[in-house]
Protein chains: 2
Amino acid sequence: MAEILKGNVVAAGIKEKMKKDIEELAKIGKVPTLGIVRLGNNPDDISYEKSIIKNCDTIGIQSKVFERNTDMTTEELVALMEELNKDNSVSGVLLFRPLPKHIDETKIREALSPAKDVDCMHPINLAKIFEGDMTGFGPCTAKAALEVLLYNEVPLEGKNVVVVNRSMVLGKPLVMMLLEKNATVTICHSRTKDLHEITSKADIVVTALGKAKFFDKKYFNEKSVCIDVGVSLDSEGKLSGDINYPEVSEMVSMITPVPGGVGSVTTSILLSHVVDACKKM
Amino acid sequence: MAEILKGNVVAAGIKEKMKKDIEELAKIGKVPTLGIVRLGNNPDDISYEKSIIKNCDTIGIQSKVFERNTDMTTEELVALMEELNKDNSVSGVLLFRPLPKHIDETKIREALSPAKDVDCMHPINLAKIFEGDMTGFGPCTAKAALEVLLYNEVPLEGKNVVVVNRSMVLGKPLVMMLLEKNATVTICHSRTKDLHEITSKADIVVTALGKAKFFDKKYFNEKSVCIDVGVSLDSEGKLSGDINYPEVSEMVSMITPVPGGVGSVTTSILLSHVVDACKKM
C-alpha cells in the first residue's frame, strides 16, 4: 500500500510560515492584501473568489474585489492594472481569466507590475521561470506539485521524472522547476506514443490530463511516486484524478489523492505570493 | 552508413528565401540592417563579427558596428539601446555577451525593443518561446537545430527526442520548439544518470555537452537521428563535436557533422531574423 501524500499537511506548513511573516509585517504596519479583479459574474469565478477570500480571512490577508462589467475595454482594464500598480494598499493582483474575447490579453498581462503579479501572468515572470530564476512568482499549480514532492522529501536530483502535461499553468513551468533540482525530465502529452512504456520506467510521474481514472497499474511500477494534478468527473459524476486511485495506490510507493492532494496546496501558494509581494513593497 | 545532414544545404535554402525577401524590400526602399553592439576588443567577438559582416555582405544585408569601451555604464548602454530602438536605419540588434560584470544585464535586455531583438535576449521573446508562440525571435542555435530536422523531413510528431543540454541558447528553447511539433521530449544534463540508456532508446538525440567525442556507439541505435551541437577541441586540438563521428556514423541512420553541421546554419537564422525584423518595420 502506497504512502498517501496529502495536501493539507503541505498547506499547513506553508500557512505556518505565512502567519509568522504576517506577524512580522504587522509590526511595521503592513497588511498583505490581495486585489481580485473579476469581469462579470461567472459562477466558477465567484465560487473560486469566495474560497480565496475565506482562505485570506483565516490567515490574516486582506482581500479587495474589483468587479467590472464584461464589456469593459482593453484600455479600461489596462488603466485599472496601472491604478493597482500604484495602489500601496494592494500587495498582489489576481485577475480571473479567460478574459472576454474582445480584450487584448497580451496588453493586460504586460500592464500589471511583475512585482504584483502573484498569479504569474507577466512575460517577465514567465521568462524568469524559463531561465530557472525562481526569484519571481511562478505558476501556483506547478509550485504546488513541486511543494508536495519537497515536503515529502522525495529525492529529485538525477531522478527520472515524467510530466504528462505541457500547459503554461503546470507542465512547462514544472519542468523548469524540476530541472533546477537536477532531475531528468520527460514531457509527455496527448500525441505521445506508448505512454505507459515511458511512465512505467520513471521514478516520479506527474499527471494532468483531465481524464478521470485514465492511468491504471500498467503506467507505474512498485517504486513510482505519483503526483496526480488531474481533476475531472468520473462516470458516476464524482470528482476524480487522472489516476485510478484504488487500483494504483495498492501498488506504487507514494501517491497524492484527488481531492485532497495537490489542489489543496495551490491556494496556499497563491497566498504566500501575496505575503512575499507585501514583504518586498 | 548514416545519411550525413550537412548544414550548408540547409543554410542555402534559408539564404535563397532571404534573397527574395531582400529584393521585395528593395522595391519599397528598405534595406535590412544589422546593428552590432560590441564592448571592447575581445578577439572572439571580433572574429565572430567579421564572419557575420561577411555573411551580411554576401546576402545583401547592411551591417553597422557600434563599438564602445568596456567601461561604459549600464545607463549609457541602456541609452544606446533606446537610440537604436528609435533608429529607423537599424532593423535588428545583436549585442555581444557576456557583458562586463559591472553592467546590469537585466536592464540591458529589457531596454532593447522586442521587435529588434534578433538574438532573442528580451524576456518577452523568451516568454513567447516558452508559451509555444513562435511569432517572436527564438534563440538562433536552437532554431538552427530544428531547421536541420525540418529541412531533412525528419518526422517529429509523436517521436521521442532527447536533448542533452538545458541552456537558454539551446536546450530549453529547443524543447519548446519540439513540443510545438508534438514530439515527446526528454531533457538530460550533467546530473542525468545512465544517460546512454535514455539516449539509446530515442528516435532523435540532440547533443550539446561540449565534450569532444563523448558519445560513442552505446548511446545510439541503428535508427537514431543524431544532431550534434557540441563544439570543442579534441585531444589532438582539432575542432570536434560531442559525438565520436567515425564510429557512430557507421551505425546510425542520420548524423550532422562537426564542423559543417548545425553551426553552419546558425548565422543564417540570425540574418533571417534581421530580414524579418525589417519586413515588420
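Using N, Cα and C of the backbone, Cβ positions are placed for all residues, glycine too.
Feature annotation from TrEMBL assigns domain 'Tetrahydrofolate dehydrogenase/cyclohydrolase catalytic' to A:5-119. Summarising the annotation, TrEMBL assigns domain 'Tetrahydrofolate dehydrogenase/cyclohydrolase NAD(P)-binding' to A:139-280. Look at TrEMBL and you will find A:ASN165, A:ARG166, A:SER167, A:VAL231 tagged as NADP(+) binding site.
Spatially close to A:VAL231 (NADP(+) binding site) yet at least six residues away along the chain are A:GLY210, A:LEU239, A:SER240, A:GLY241, A:VAL258, A:PRO259, A:GLY263, judged by Cβ distances under 8 angstroms. Counting only residues at least six positions away in the same chain, the Cβ atoms of A:LYS172, A:ILE187, A:HIS189 sit under 8 Å from the Cβ of A:ARG166 (NADP(+) binding site). Among A:ASN165, A:ARG166, A:SER167, A:VAL231, the residues given in the record as binding NADP(+), the maximal Cα to Cα distance rounds to 16 Å. Using a CB-CB cutoff of under 8 Å against chain B, none of the binding-site residues from A:ASN165, A:SER167, A:VAL231 qualifies. Per-residue pLDDT, averaged along the domain 'Tetrahydrofolate dehydrogenase/cyclohydrolase catalytic' (A:5-119), amounts to 97 for this model. It is A:SER167, among the binding-site residues A:ASN165, A:SER167, whose Cβ has the fewest other Cβ atoms within 10 Å in the structure shown.
With DSSP states grouped into helix (H, G, I), strand (E, B) and coil, the domain 'Tetrahydrofolate dehydrogenase/cyclohydrolase NAD(P)-binding' (A:139-280) comes out at 52 helix, 26 strand, 64 coil.
Each residue of the domain 'Tetrahydrofolate dehydrogenase/cyclohydrolase catalytic' (A:5-119) gets a DSSP state, and the totals for helix, strand and coil are 61 helix, 18 strand, 36 coil.
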